[in-house]
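Swiss-Prot annotations:
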- 85-92, 377-384: ATP binding site (BINDING)
- 66-260: domain 'FtsK 1' (DOMAIN)
- 350-546: domain 'FtsK 2' (DOMAIN)
Amino acid sequence: MSTEAEPRVLREVVLSQLATGESRAYKMWLPPLTDPTPVNELVERDYQRRPLRFGLGIMDEPRRHRQEVWGVDVSAAGGNIAVGGAPQTGKSTFLQTLVVSAAATHTPRQVQFYCVDLGGGGLMYLEDLPHVGGVATRAEPDRVNRVVAEVKAVLRAREQVFKQYRVGSIASYREMRDDPNNPASQDPFGDVFLVIDGWPAFVAEFPDLEPAVQDIAGQGLAYGVHVIITTPRWTELKSRVRDYLGTKIEFRLGDVNETQIDRITREIPANRPGRAVSLEKHHLMMGVPRLDGVHSADNIVEAISSAVQQIADRHTDQAPQVRVLPERIYLHQLDPNPPGPDSDYRTRWQVPLGVRESDLTVAYNQMHLTPHLLIFGAPKSGKTRIAHAVAQAICKRNSPQQVRFMLADYRSGLLDAVPQSHLLDAGAINRNSATLEEAIKALAVNLKKRLPPPDLTTAQLRARSWWSGPDVVLLVDDWHMVTAAAGMVSPMAPLGPLLPAAADIGLHVIVTCQMSMAHRATMDKFVGAAYGAGSPTLFLSGEKNDFPSRDIIVKKRPPGQAFLVGPDGKEVIQAAYVDPPEEEVFSPPSEGS
């Protein structure tokens, strides 16, 4: 049998030799953007990687015949991001990818994320990342408020630090934080990101927070505070916010004519989540938030959990966590060491009201300046408990020689609110209109004697030296019951002319009232005079229609939570609480006793 090779034509020989060569023809057409790239490969392939640049996907540049990692540099003007796209186009997954990419390339000291998840709950899977300070959902309205308040507090604190240390730019501040010998190194916050997934729902459910987000978006970049927002329609994102979001990413829109980038977005294929267009007007395939090298969104929840664990294992530090208002704050927790009767008048009449939502510090009523307090709320909202706590705080600060109380307590809700020693000697407790009317007349006669004569000096007015005796607190629980039981003339009428001089004559008025009667109460000559004078007012839980106002937020709230309106502004607080007598809980005896 012959072993000679069969003869081949020249063409076959040439093709065989060319096929084995190392050099290949230039590929003009690259594969289509179909499969997403995992974050670990985005990080490895990102040749532009630098601090505060996050690799987020693959960008197709057909004119240059290139497909390279596309990312966002948040250190400059593009540090605020708007993401538009119809439902199920990949917006929430993009946010997950952004956070995981940032966490994979930065420490929890460098970047922190505070998230409001009003979408499909995808951001909840990132909660255990050390870079994430908190995630709030629509089922946690108080936590949503706190997330925004926390980020705004960072912005305000940065403004003060920049002013104090004459910092010229956020770039300089980042360098200062990296220097352990610089006071700025004590700042636990780096670049802070407020992430809101679902802007239309946010505006609809939290309209009072929109101005705060606008402030953060408009002012934050200069101080290293960023905003990232997703929306299904660009028209939902009003220009007052949209114009501050320098980076825009567009997934497939429900109406392609709404594009904010270019008509090229019409070419984004349907039913292809993750496909988008950037401001460079190139097509993108966004990555997926996984570190296992898998080019797929399958089993993404397990992949995210694994990625979160991998990143958490690398770090020992943690982003500052979102603090929330307590459901109940007791007076003794709020005011553990009250100043005593030996303190000066101003200190004794600085009375704690509750904890501020904005920064969780104590909110005070400066009763030496604004001597009254009004409390409006629906039944079971905590009106009487707050009045009880305020009365108790006043009594702890003042001796019986310094303050005395008169009560209008038709429901006996103020039992034990004021010690016997701090009650007026006569007419102190009034449970019906007959006794109250007589007591108020007598009180008015005595207080008129304290009106300042016309020839007093400023120093004498400040010292209140023309009269002596205790301040008087008129505590009225359930104002609506008092007015309903009265005739044509209010029992408080004799005190009405004295209210403008209340601070001079030592008169303080504390009133609780049903929220449904609040608007009518503020029209009353007595309560209305106190309200019109700018007295601190607590609006507890209620219906919006109970007190129609553009400036005052009345809505359903947990017991004790109130919208405080006062001379220093408006804010949400959790008011101080004391147990009523029937709820007092005694500690069990210790073992062996």
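Cβ atoms here come from the backbone N, Cα and C positions, even for glycine.
Positions of Swiss-Prot features highlighted on the structure.
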| residue | record | DSSP class |
| --- | --- | --- |
| Gly85 | ATP binding site | coil |
| Lys91 | ATP binding site | helix |
| Gly377 | ATP binding site | strand |
| Lys383 | ATP binding site | helix |
### Query
Counting only other Cβ atoms and using a 10 Å cut-off, which of the binding-site residues Gly85, Pro87, Gly377 scores lowest?
Pro87
### Query
On the 0 to 100 scale, where does the mean pLDDT of the domain 'FtsK 1' (66-260) fall?
95
### Query
Near the Cβ of Ser381 (ATP binding site), how many other Cβ atoms are there if near means within 10 Å?
27
